[in-house]
Amino acid sequence: MKTLYSLRRFYPVETLFNGTLALAGRDQETTGFAWWAGNARLINLSGKLLGAHVAHAGLIVFWAGAMNLFEVAHFVPEKPMYEQGLILLPHLATLGWGVGPGGEVIDTFPYFVSGVLHLISSAVLGFGGIYHALLGPETLEESFPFFGYVWKDRNKMTTILGIHLILLGIGAFLLVFKALYFGGVYDTWAPGGGDVRKITNLTLSPSIIFGYLLKSPFGGEGWIVSVDDLEDIIGGHVWLGSICILGGIWHILTKPFAWARRALVWSGEAYLSYSLAAISVFGFIACCFVWFNNTAYPSEFYGPTGPEASQAQAFTFLVRDQRLGANVGSAQGPTGLGKYLMRSPTGEVIFGGETMRFWDLRAPWLEPLRGPNGLDLSRLKKDIQPWQERRSAEYMTHAPLGSLNSVGGVATEINAVNYVSPRSWLATSHFVLGFFFFVGHLWHAGRARAAAAGFEKGIDRDFEPVLSMTPLN
């Protein structure tokens, strides 16, 4: 029976290309896919598909290492990371490597080590990818049955799913261990303007952790994106890691239920479509997280959020005009509302002007000035610290706007290129990639369902009408 595994099924999808181009048995005649269909030619060659995936991982890790070293080589310690267009070093700094109080970089050596480790890893992966693509067995089922599979073997597929879930759970726990035992992580909320600290009092209460999932996604609630303390983030990773590992063990030990066997399409392309859908959702969530959240993505490294820059400008001008003698509690703005401060519909004291729409911003430099009913007028008059003024002035001039039209009142330069923040890059790139992955999901899901239903043939290439028509010239 094992020989059945390596029989190459001719897929019922016909493709246009030179069918005579042969590549070591991976040609159109034997696979049903032309060279440009990429890994589709390897659908039933588990050994070669392994090579493609390992080589792909090598490319990813090589990019990470090379880009990491590139950022280290160009890094200027005197400037904030977000002014230097960095997208990798902020992640390392957030994990607590190389930074001290206020997010100041005190040691770039950990960043160098990270880059070199990724480069070395990519060499190992690259070698493995080339080996399995060119020299290793075409199929794994005969020689290494543990690593072999048949796409329609539902039990094997859920076992592979379980292994992946366990690996994801271990990844979540790596962050937990870093935060608890290996030096801690950067906490933007640490007193005095942020510092690296070990997390000692994890939030493990299910009502708090899962309460985030039940929140509305809109302003003031903000779903999981509203998380604003590290205890909740690390505690959430404990829950997530545990669920992934337990779910992985469950999927390894069990077989799919009858309803799942009936409801799902069990083919390689179907699994690809499911994966693309999941990554698409993650991309959209990551977009919102990096755009709005300044705890998981500290503003010291990624630059301020849009609402944060807008509120920082209101705060900066409040400080300036208060010093010049303005009564910031009662001054009227051009619309008749408060120029510096006003009340929200619920009675909370908030910044006036166009930034009123960002009333629900929470930021480490602003929270000490709040009282039980919003911004506290007496604290604004007596308690503003120099570091809060410096930080808000800095954030006001580094809004993540790019070329947005609606800027929350932030002053922008008409005839110059405005500063572009890594927050803008990370948010927009994840949104665009999330969208394209969603389109890829629709495409592959449609093909997988059609193939499962047995009606995907494509055009008959031997008798299509165009062959009998006269040449254009």
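In case you wondered, yes, glycine gets a Cβ from its N, Cα and C as well.
Positions annotated as [CaMn4O5] cluster binding site by Swiss-Prot, on the basis of sequence analysis: GLU367. Mapped onto three states, the DSSP output places GLU367 ([CaMn4O5] cluster binding site) in helix. All protein chains shown were included, and the count of other CB atoms within 10 Å of the CB of GLU367 ([CaMn4O5] cluster binding site) stands at 11.
Taken from Swiss-Prot, the feature N-acetylthreonine covers THR15, and the record attributes it to sequence analysis.
As annotated by Swiss-Prot, phosphothreonine applies to THR15, with the evidence given as sequence analysis.
Within the same chain, residues 99, 103, 105, 108, 110-112, 114-116, 119, 186, 297-298, 300-303, 394, 398, 419-423, 425-426 sit at least 6 positions outside the transmembrane segment (69-93) and bring their C-beta atoms closer than 8 Å to a C-beta of that stretch. According to Swiss-Prot, the transmembrane segment annotation covers 69-93 (among others), on the basis of sequence analysis.
Residues annotated as transmembrane segment in Swiss-Prot, with sequence analysis given as evidence: 134-155 (among others).
Among the features that Swiss-Prot reports, transmembrane segment is placed at 178-200 (among others).
Summarising the annotation, Swiss-Prot assigns transmembrane segment to 255-275 (among others). Outside the transmembrane segment (255-275), and at least 6 residues removed from its termini, the chain residues within Cβ reach (under 8 Å) are 43, 151-152, 154-155, 157-158, 440-441, 443-445, 447-449, 451-452.
According to Swiss-Prot, the feature transmembrane segment maps to 291-312 (among others), an assignment based on sequence analysis. Sequence-remote contacts of a segment are chain residues at least 6 beyond its ends whose Cβ falls under 8 Å from one of its Cβ atoms, and for the transmembrane segment (291-312) they are 80-83, 89-90, 93-94, 102-103, 186, 188-189, 194, 222, 225-230, 233, 351, 354-355, 358, 360-366, 391-396, 398-401, 404, 407-410, 421-423, 426-427.
The transmembrane segment annotation in Swiss-Prot covers 447-471 (among others).
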